[in-house]
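To start, the structure under review is shown below, and the notes come after it.
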Amino acid sequence: MFIPVRRNFSAGGPIYHSSIIFLAINAYFWYKLVMSVLERRTWAKIDLDIFKNNLKHIRDFTNAELLIPIKADAYGHGSCELARVAEEFGVEYLGVAGIEEAIELREYGIKIPIVILSPVFDFDIEDIIYYNVIPTVSDIDFAKNLNDYLNKMSKSIDIFIEVDTGMGRTGFLYDVAYGKIETIKNQFTNLRIKSIFSHFSTAEDEEDDFALTQINQFKELKRKLIQSGLTDAKFHISNSAGMVRFNDPEMAIVRPGILAYGLYTSENMKKYIDVQPIMSVYSRISRIANLNKGDSVSYGRRILDRNLKVATINIGYGDGFPHCLSDKGYVAIKGKKSKIIGNVCMDLTMVDISGIDNIRVGDIATIINGEITADDLAKQCNTINYEIITRIGERVSRIYYENGKPIKVRTIASRKIHNKL
Ligand SMILES: Cc1ncc(COP(=O)(O)O)c(C=O)c1O
């Protein structure tokens, strides 16, 4: 592609040009220096610009409010930094799985509503109130205890209520949900019912109409609850797959997680919306050895059936690089795919680099990016792309890029230790 360059001839002249060159050289060496400090053993690049773009595409796709699940360390990307970007972007809610995740975000300075999407416990009540977090209520005893506690303080809070329309996991069972919600509405007046939600179990499978049954049941409940006076609550059911498949105007909120991180749960989702992965992962070669036919590699001794040039890479299952990739996964080195030889170890993995020239210790191996995707790793391990990205370990430094530049790094060296118990 040809990109025209605007030139400012009036500012020309030898001094001007040499200072530009001087600055460019300086910037280049500064960049190299910064990257040598950041890109050390194994690291993940988290592209916040792509994250914003994914959020924009989601925003353009739906008229509903956005609740972005930021749980499980934002699916492995780093919850604080992603929450900060999501907040600046203007998403309406963030979703977490437990109070500890909510506290981390509040202590980081996140101000927008945070919803705990999973059930909470009586021992979480104090923190829920102190940190101004929205709990999901799916148990009537919990609702009563929360209400009593608030009553004593003469306070009230927003709550979400979950209904189980077929996920078989959490929420009031569909058959009793109406009665339970009526009880909460009429008797537990310190709880403001902000929203009622349910969750799909098979939305990505368009052949399967169970999702339709779920959404129809949920809308039926919605009609009954509105008739009985619950007119302010927002109803929602869609995760990423549900959002693109139904895009239902009756639903006031959507909760797309995996899409916000740039991955799809099925091929057919790609026709609805364009998102890109925001995480890529890299590691470094720490040894190169010419091994002979009959030599062995890694735990369990993989015996080589021919001479191989083998590179050792500093990533292992301790970094979330799955052991199930042993003898079948690939990394990319100098743009070429290198097959894993033998078992993936906790910290190290060996790959075949026979036929790839000019490789040196310290060179970079691409673990996830471009032609090697989280979907590929998931397929080889018979798991889902969610698990691959979410399990990229804490030991893998996260380098955050914004406006095309590295702006922040999170390493285990900066992990806080609370000594005072
Ligand atoms: C209640 C709830 N809503 C939304 C999501 C987001 O799902 P997805 O990442 O498939 O969009 C999850 C994820 O597990 C969830 O548990």
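Cβ coordinates are placed from backbone N, Cα and C, and glycine is handled just like the others.
Among the features that TrEMBL reports, active site, proton acceptor is placed at K71, Y299. The substrate binding site feature in TrEMBL is assigned to R169, M346. Positions annotated as domain 'Alanine racemase C-terminal' by TrEMBL: 278-401. Sequence annotations record features per position, and here TrEMBL assigns N6-(pyridoxal phosphate)lysine to K71. Feature annotation from TrEMBL assigns transmembrane segment to 15-31.
Locations of recorded TrEMBL features on the structure.
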residue: K71; record: active site, proton acceptor; CB count, 10 Å: 20
residue: R169; record: substrate binding site; CB count, 10 Å: 12
residue: Y299; record: active site, proton acceptor; CB count, 10 Å: 13
residue: M346; record: substrate binding site; CB count, 10 Å: 12
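In the three-state DSSP assignment, the secondary structure recorded for M346 (substrate binding site) is coil. Across the residues of the domain 'Alanine racemase C-terminal' (278-401), the predicted structure has a mean pLDDT of 97.
Remark: secondary structure over the domain 'Alanine racemase C-terminal' (278-401) totals 19 helix, 48 strand, 57 coil, with classes taken from DSSP.
In this structure, K71 (active site, proton acceptor) is part of a helix by DSSP.
Under the three-state DSSP scheme, R169 (substrate binding site) falls in the coil class. Looking only at Cα atoms, K71 (active site, proton acceptor) sits nearest to R169 among the recorded positions R169, Y299, M346. Reported as a whole number, the C-alpha separation between Y299 (active site, proton acceptor) and M346 (substrate binding site) equals 11 Å.
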